[in-house]
Amino acid sequence: MPTETERCIESLIAVFQKYSGKDGNSCHLSKTEFLSFMNTELAAFTKNQKDPGVLDRMMKKLDLNSDGQLDFQEFLNLIGGLAIACHESFLQTSQKRI
């Protein structure tokens, strides 16, 4: 039986695979696939953005090799960055309660 961490890893892989490949390459997210992922899986984040260009800038910043798409490692950089931001927010909220 997989551990909670192993299930989380499996889930990240499954989500990446769910969105990648619709434009032909199952090892990468195209810009269209990235936008679909963001608007579906991170809809609250996307809807709260006042700047319409934020997703384009995120894609460019995450695309470390400038090939116009995100591989799994580049995708994980997004997930890691969001996890760090959530963790920092949690810590700030916890410290305010003390």
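Any Cβ shown, glycine's included, is placed from N, Cα and C.
These figures come from a predicted structure and were not determined experimentally.
The phosphothreonine feature in Swiss-Prot is assigned to Thr5; the stated evidence is similarity to another entry. Here Thr5 (phosphothreonine) comes close to no residue that lies at least six apart in sequence on the same chain with a C-beta under 8 angstroms from its C-beta.
Taking the domain 'EF-hand 1' (12-47) as a whole, pLDDT averages 95 in the prediction. What Swiss-Prot lists as domain 'EF-hand 1' is 12-47, and the listing cites a curator's inference.
Annotation source Swiss-Prot lists N6-acetyllysine at Lys22. Long-range Cβ proximity for Lys22 (N6-acetyllysine), meaning a same-chain Cβ under 8 A and a gap of 6 or more residues, is found for Ser30, Thr32, Glu33, Ser36. When secondary structure is read from DSSP and collapsed to three states, Lys22 (N6-acetyllysine) falls in the coil class.
There are 11 other Cβ atoms within 10 Å of the Cβ belonging to Ser26 (Ca(2+) 1 binding site). The Ca(2+) 1 binding site annotation in Swiss-Prot covers Ser26, His28, Glu33, and the record cites a curator's inference as its basis.
Under the heading domain 'EF-hand 2', Swiss-Prot lists 50-85. Same-chain neighbours of the domain 'EF-hand 2' (50-85): 12-13, 16, 25, 27-31, 34-35, 38, 42, counting only residues six or more beyond its ends whose CB sits under 8 Å from a CB of the stretch.
Asn65 (Ca(2+) 2 binding site) carries neither a helix nor a strand DSSP state and counts as coil. Sequence-distant neighbours of Asn65 (Ca(2+) 2 binding site) (same chain, 6+ apart, CB under 8 A from its CB) are Asp71, Glu74. Residues annotated as Ca(2+) 2 binding site in Swiss-Prot: Asp63, Asn65, Asp67, Gln69, Glu74.
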His28 (Ca(2+) 1 binding site) CB neighbourhood, other CB atoms within 10 A: 21
Asp67 (Ca(2+) 2 binding site) and Ser26 (Ca(2+) 1 binding site), distance between Cα atoms, whole Å: 15
Spatially closest candidate among Asp63, Asp67, Gln69, the listed binding-site residues, to His28 (Ca(2+) 1 binding site) (Cα to Cα): Gln69
Sparsest-packed of the listed binding-site residues (Glu33, Asp63, Asp67, Glu74) - C-beta count within 10 angstroms: Asp67
Those residues of the chain, 6+ apart, with a Cβ under 8 Å from that of Gln69 (Ca(2+) 2 binding site): Asn25, His28, Leu29, Ser30, Lys31, Phe34, Asp63
